[in-house]
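Features as listed in TrEMBL:
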type: COMPBIAS; residues: 7-25; note: compositional bias 'Low complexity'
type: DOMAIN; residues: 94-190; note: domain 'Methyltransferase'
type: REGION; residues: 1-42; note: region 'Disordered'
Amino acid sequence: MRMTPYISESAAEAAAGRPATITAGSAGPSDPDPADSGLAVSDPAVSGLAATAAAWQESWDRQQEGFMPDREERLAAMLDAVEAVVDTDSPRLLDLAGGTGTITLRALARFPRARVTLVDLDPALLALARASLGDRAVVLAADLARPDWPGRLPHRDYDAVLTATALHWLPAERLTELYGELRDLLRPGGLFVNADRMPDDALPTLTDRLTARARERRAARYAAGAALSWSDWWARAGADPVLGPLVRRRHEIYPTGHSPEWNPPVSWHLGALTAAGFTEAGTLWRGGADAAVAALH
């Protein structure tokens, strides 16, 4: 999970709210699926990352924390919620738009016997996820802009679906549809959590000021060389002999490199989740303008 910055502040910051699993425009089931170009675990690009995957994961984490200093706190809150609703030590978890495997790695540390499926579309991040996870999780290429994406999944239902800083890449109409698809993928009593930029529309003035202060602190960290920016991280990945070709493929999938300026308030998400048929929906966690909403089937 993407954990990342947001287009509402600037295009450069929004790039980190990565486009995992989402292509520009809308696609129907009959259109060519960019997910068909996904890498297998045996692909040379994946095996070529075996020795460096841990270092890339570490650099990804540090880059993401430059935008979200409370990143681990929100991830822990998500997994706490999973722990509260599952009644097995081997839950079926879906890491939606999972990127390099941030959520999956932490979920497996919390639930070593979990059966995790990670889906994403970004070929570079998928390669890092596959190299990092090996056979501990099912890692799949899938495009959430397409309504047929659930057909790629290995399970008919899941105990929990988790996602972070990714779904703002979908337009409102498609995200509303996706929420319904996710409800159908959850067992009765199953949990969905989405962490993203979700302003508190009850506190707009305070939220704006907190966002401005966070932006100032981030700029100071960059100026001091204390954090790697999103563009710097991707420049390094593009120069890597193994990741470079995958980064170029990524640019073909995401030619604009950033999401629309669409980060609706938490109330919009709660309304959409309720309309999708979830029996309960509310705010699980909040940090400044970011929040995690949770919903139960």
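Note that Cβ sites are derived from N, Cα and C of the backbone, with glycine treated the same way.
Counted with DSSP, the domain 'Methyltransferase' (94-190) comes out as 44 helix, 25 strand, 28 coil. Confidence annotation: the domain 'Methyltransferase' (94-190) carries a mean pLDDT of 97 in the model.
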